Amino acid sequence: MTVLIELRKDVILFSSENVNRYSRVLWDSFFQFCGCCILGFGIYFLIHNNFRLLLSLTLGNVLVIVGSIIMVVAFLGCMGSIKENKCLLMSFFILLLIILLAEVTLAILLFVYEQKLNDYVSESLTESIKQYHLDNSTRATWDSIQSVLQCCGVNGTSDWNGHPPKSCPSDPQVQGCYAKVKLWFHSNFLHIGIITICVCVIQVLGMSFALTLNCQIDKTSQTLGL
């Protein structure tokens with residue numbers, strides 16, 4: 001009877017470990033899929049995005065970097081779960097922790113140096129306006145931006161010294177492109193904050209799964225006398 005009870009406990013333990021392991025694999029596969037999508041969008045923006053001519057760091061650069069990091073981290077977690085490798089699982093946990101701390105640090109720096117960042121972007125865009133009549137690529141970029149966003153200059157038509165290009169809307173009270181983007185960001189700040197919090201929660205869950213599976217591997221080794 002005792003042998004049957006112990007056998008039943010081992011079967012239940014083995015089943016719960018399998019459920020947790022395959023849940024971990026599915027979770028990491030989802031991470032990898034997200035990483036591939038982000039990387040793909042990043043490459044698309046690098047190829048087709050004209051904003052790269054105005055700023056050194058664009059959305060495409062950021063998406064490629066983020067997508068690559070997510071794919072590498074998710075691969076470590078997935079292989080660690082499949083192979084039940086504690087080293088890979090702990091590497092996955094540490095990398096996720098570093099990314100989470102980096103995100104928090106970046107958010108704090110953006111909050112503290114918000115004005116300096118605004119000044120840097122505004123100055124970069126203003127300098128690019130000076131190249132409008134000298135560089136065909138810059139001219140095409142500004143024409144495309146102003147046509148798509150229905151804006152004019154950085155802060156308004158005054159940036160063009162009274163001679164706005166044809167791509168500017170005819171309305172004299174039209175907003176500047178940078179001012180319009182800032183207004184959109186502030187009006188959608190709540191949604192951006194919710195998405196950021198959800199990403200952080202997903203990362204914390206991933207770290208929790210990694211630690212849980214790591215502890216289960218230890219328990220299994222102790223049970224088997226390894």
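Each Cβ is built from the backbone N, Cα and C atoms, and glycine gets one as well.
According to TrEMBL, the feature disulfide bond maps to C151-C177, C152-C168. The feature transmembrane segment is assigned by TrEMBL to 25-47, 53-76, 88-113, 189-213.
Cβ-based crowding with a 10 Å cutoff singles out C152 as the top-ranked of the disulfide-bonded residues C151, C152, C168, C177. Cα spacing between C152 (disulfide bond) and C177 (disulfide bond): 6 Å, rounded to the nearest whole number.
Non-local neighbours of the transmembrane segment (189-213) in the same chain are 20-21, 23-24, 27-28, 31, 77, 80-81, 84, 89-90, 92-93, 96-97, 99-100, 103, 107; each lies 6+ residues outside the stretch with a CB under 8 Å from one of its CB atoms. A straight line from the CA of C177 (disulfide bond) to the CA of C168 (disulfide bond) spans 10 Å. Distant neighbours of the transmembrane segment (25-47): 58-71, 73-75, 77-78, 81-82, 205-206, 209; these residues of the same chain sit at least 6 beyond its ends, with a Cβ under 8 Å from one of its Cβ atoms. Sequence-distant neighbours of the transmembrane segment (88-113) (same chain, 6+ residues past either end, Cβ-Cβ under 8 Å): 69, 72-73, 76-77, 79-81, 196, 199-200, 203-204, 206-207, 210-211, 213-214, 217.
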